[in-house]
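Presented below is the structure to which this report refers.
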Amino acid sequence: MAPSQKRKAIDDDFILTISDNEEDIPLEEEQEVVPRKKAKTATQQSNKQKKKNNKKSKKQQQTEDDDDEAETKEDDAADLGIWGDNDEDDGAMDTEFQFVVDGQNEVDAEFDGWGFEGAHKGVVKGANAGGDKKAVDIDEIIRRRRERKAAKEGKTTATKEEEDKMEVDEEEDDIEEIDVDLDDDEDGVLADDAFGMGVGSDVEEEEEKQDAKMGGVDGEDEDSEGEDGEKKGEDEDEGDASDDDSVATAVEHPDDVQSSDDEEGIDEEEEAKMKEFFAPEEENQPKKKGEMSSFQEMSLSRPILRGLTSVGFTKPTPIQAKTIPISLMGKDVVGGAVTGSGKTAAFVVPILERLLYRPKKVPTTRVVILTPTRELAIQCHAVAVKLASHTDIKFCLAVGGLSLKVQEAELRLRPDVVIATPGRFIDHMRNSASFAVDTIEILVLDEADRMLEDGFADELNEILTTLPKSRQTMLFSATMTSSVDRLIRAGLNKPVRIMADSQKKTAGTLVQEFVRLRPGRESKREGYLLHICKTIYTERVIIFFRQKKIAHKMRIIFGLFGLSCAELHGSMNQAQRIQSVEDFRDGKVNFLLATDLASRGLDIKGVDTVINYEAPQTPEIYVHRVGRTARAGRSGTAITLAAEPDRKVVKAAVKAGKSQGAKISSRIIDPADADKWQAEIDELEDEIEEIMQEEKEEKQLQNMEMQVKKGENMIKYEDEISSRPKRTWFETQEDKKKAKAAGRAELNGVRDKLKSKNEGKLSNKDRKKLDTMQERKQERTYKKGSAERAGKGAVLNLKKVVKKVGRSAGPKKKGGNAGKGGKGKGRRK
C-alpha cells in the first residue's frame, strides 16, 4: 500500500543515515534535542517490525539496532532534566553563575584584595619617558655604612694580629716553624672569638634578656588589661585632678572644642536648614528596600551579580541595602557609614546597573568619581573594574603622578567612567581636546567631607560649575558632615540622607588602646613606639604620623634596628608610593609608616594593628585612621600614644567610643623599657644625621642628572617641544598658595596659622589673644580640689582669716582712739 511504501522509504532513509558505530555520530546531531513524540514513534515502529518474522536477516539486524536506540531515547525522554536531552547545559545559562552562594568562605578565600594594576600602565610609561626618579634606598645606605664599618674594624683587627705574631716570634725561636703555624691557627680562632664570636654571644645574651623582659612586659600588659575594671577608676580619679588643673592651659587645637559642641547638639536654625535641604523622611525609607537581605532582591542584572559573586559579596551591608535602590531611581544621595562597610560598592553597583542600559552606538563619558587622594582613586578603580568584569563598561584612571599621555589616549576612547583626583581632572578638562564633560550624568564625591573642606574649595567649585546641572550627585564618607552650608557647595537637589551608622563611629570589632605619656615624657615617644613594635605588635602594622619628616626619621630608625618597613607620604613620587603599598600588602615589610595620606579609604587585607604616633588633629581623622583595621567584620587593634597636647582628641574619641559600646582600654608600659629604647636611639643620633645627609646628597645627584637629561632633550627635541600648546590652569600660583594655607589652617587650627605668619613663632600679643579666646570657650575655668571639698582648702581658710581680721579690727580701732587721749570709758568710770 502507498502509506506502507512511504513508511518503508522513510525507514530506509533513516537507516542509511545511522552509522554502525554510535561513537562516530556527528557533534551537530548529538546536540539536537529529540522531542518525546519522535521517540514514541520510533518505539512503535520497532515493535511492529519485531512481530514480522518473514523479514530478511539484514532487515532484522537493523530492527534490533533501532530497538536499542529507541530504548535509549525512551529512557532519556523519561529522565529529561532542566537542560533538555542528557541533562546537559544547552548554553542558555552560564553554569558558573550561582543564584545563592552557599560557600561564602570559599569565595572570600579566592579573593586576595584590591590591587594597583590600573596604575601600572601609567607608571611604566612615565618611567620610559623619563618622568620617574629612582628612590634612594635607605636600607642600601645602612648596608653600605655597616660594610664600611666592618671593613674598618677588620683592618684594625689585622694590625693587632700582626703585632701579636711578632711578639710570639721573638720569644719562641726554637720552635719557630711549628709554633708559628699553630699560633696562626690559634690567633685566627682567638681573633674570631674576640671580634666575631664574642660580639655574637653578647648580642645573643642581650636578645635573651630582651626576650625575658618581653615575656614579662607582655604578661604585665595582659594583667593590666585584665585589671582595667579595677584600676581604671583609680587612674581616672588620679587623672581628674591633673586634667582639671590643666583646663586653662594652652591647647594646640581649639577647633576640637567646636567639633565636640557640634556633635552634642544641632541648633534649631541648622535643623530647619536641614529639613528644607534634604528630601522628606518618607522618601528615605521606601517599602522594605532598606531591609533587603540579598542582592537578588534588588533586581540587579546577571553580569552585576556575577561581578559581586567574584569578589565575595553575597549579602549587602546596611549602607548598600539602603543606597542601591535609591541610587537606581536617579536621586541625589548623601551617605554615611562606618569604615570598612562597603561604601565604594554602594555607589559603584547602581552606576554599573544604569550603564548596562546606556545607548552604545556612540561611546560617551557619563560618570565621574572624584577622590581626595591618588591611592584611594587607584583602589576605587580596581573595585569598579573587578565588579564590571562581566560587562563591556570601560574605565579610565586619571590621577596625578601618572603619565599624562597614557591618560589622554584612554580619554580619547571616551570611557564610560572616569575615576580621578580633582587636580588632574581639571587639567584634562582644560587641556585635553578629546575630553568633553557636557555629557556627564552622574557625579560621585568619595570622602566628601574632605572634598568639601577649604583646601579643595576652589578646585571643586571649578568642576561643579563646568559639569551639567542636570546630573545625579552622590556624596559618601565615614564622617559625613551635616553642615548644610558645606553641602550646598556640591550642588545637590533635594538629596536623600542615608546614615547607616551614627557619625564618627568606629567598627564594633575594633579594640582601642591608649598609652598615656605623663607630662615631661613627650620626648620619649620614639622609645615607646620602638618598644611596642619590637615586643608587642610585630607585623602587619600601619603607623600614622602627622608630619612627613618624623615619618622619614622613624623609617631610618626602624632600618637601624632591623625592622622591615616602608614609608608612604607626599614627598614620594607615585611609583614609590605604589611600591610601598604593594610591599606592605604582599607581606614583604611588616610596618607601613604613613601620614594621613593613607588614612582615608585605603583597604589593605590583613592589617592587624594601627598605631598613632600622636593623636591626629581632629576626631574625624582619628576615625579614619583606626578604620584601616577591623574592616569587613574582621578584628583589629588601634593603639594611640597620648600626651597632654592630644588630650582633646583622645577625650572625644573615648567619649564617642563609650557611647557606642566600643572596647576601650588603657595599656601600661613600663617607663624603664621606653627609656632603654630611647637611650639606644639617642646613641644613634649622629648616625641618623649622617644617613640623612648621605640620602640628601644622593637625591641632589639624581636631581642634577635629571636636569642634564632635561637639557639634552630640550636641545634634541626643541621644535617638537616648542610646538606643543601651553597647558593652562584656572588659578594663579598666588591663589594656589592661599588655598593651601586655608586648608592647613582649617586642619591645624588658628595657632599654626599665626605661627606660619611669624616664621614659626608666636608673638606675646597673639599668644594672649589665643589664651583669652580659649578661656572664653571653656565651660568652666575653676573646679574645687579634694581639700576644698573636704572643708580644709585654701579658700575656706582665707575666708576664716578675713572674718577674724574684720572682727578684731573694730574693737582695736575704738579702743586705740580712746586710749591715746587717756579718756576712755573705763578711765572715766
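Yeah, the Cβs are placed from backbone N, Cα and C, and that goes for glycine too.
Per Swiss-Prot, these features apply:
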{"type": "BINDING", "residues": "ALA337, VAL338, THR339, GLY340, SER341, GLY342, LYS343, THR344", "note": "ATP binding site"}
{"type": "COMPBIAS", "residues": "20-32", "note": "compositional bias 'Acidic residues'"}
{"type": "COMPBIAS", "residues": "48-59", "note": "compositional bias 'Basic residues'"}
{"type": "COMPBIAS", "residues": "63-78", "note": "compositional bias 'Acidic residues'"}
{"type": "COMPBIAS", "residues": "150-163", "note": "compositional bias 'Basic and acidic residues'"}
{"type": "COMPBIAS", "residues": "164-190", "note": "compositional bias 'Acidic residues'"}
{"type": "COMPBIAS", "residues": "218-228", "note": "compositional bias 'Acidic residues'"}
{"type": "COMPBIAS", "residues": "235-246", "note": "compositional bias 'Acidic residues'"}
{"type": "COMPBIAS", "residues": "258-271", "note": "compositional bias 'Acidic residues'"}
{"type": "COMPBIAS", "residues": "272-291", "note": "compositional bias 'Basic and acidic residues'"}
{"type": "COMPBIAS", "residues": "749-791", "note": "compositional bias 'Basic and acidic residues'"}
{"type": "COMPBIAS", "residues": "800-815", "note": "compositional bias 'Basic residues'"}
{"type": "DOMAIN", "residues": "324-498", "note": "domain 'Helicase ATP-binding'"}
{"type": "DOMAIN", "residues": "528-707", "note": "domain 'Helicase C-terminal'"}
{"type": "REGION", "residues": "1-96", "note": "region 'Disordered'"}
{"type": "REGION", "residues": "145-295", "note": "region 'Disordered'"}
{"type": "REGION", "residues": "728-829", "note": "region 'Disordered'"}
{"type": "MOTIF", "residues": "293-321", "note": "motif 'Q motif'"}
{"type": "MOTIF", "residues": "446-449", "note": "motif 'DEAD box'"}
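Sequence features, as recorded in Swiss-Prot, placed on the structure.
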| residue | record | Cβ within 10 Å |
| --- | --- | --- |
| ALA337 | ATP binding site | 24 |
| VAL338 | ATP binding site | 26 |
| THR339 | ATP binding site | 27 |
| GLY340 | ATP binding site | 22 |
| SER341 | ATP binding site | 23 |
| GLY342 | ATP binding site | 21 |
| LYS343 | ATP binding site | 24 |
| THR344 | ATP binding site | 24 |
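Other residues of the chain with a Cβ within 8 Å of the Cβ centroid of ALA337, VAL338, THR339, GLY340, SER341, GLY342, LYS343, THR344, the ATP site, are THR317, ILE319, ALA346, ALA478, ARG631. This prediction places the mean pLDDT of the domain 'Helicase ATP-binding' (324-498) at 93.
Remark: secondary structure over the motif 'Q motif' (293-321) totals 17 helix, 0 strand, 12 coil, with classes taken from DSSP. Per DSSP, the secondary structure of the motif 'DEAD box' (446-449) breaks down as 2 helix, 1 strand, 1 coil.
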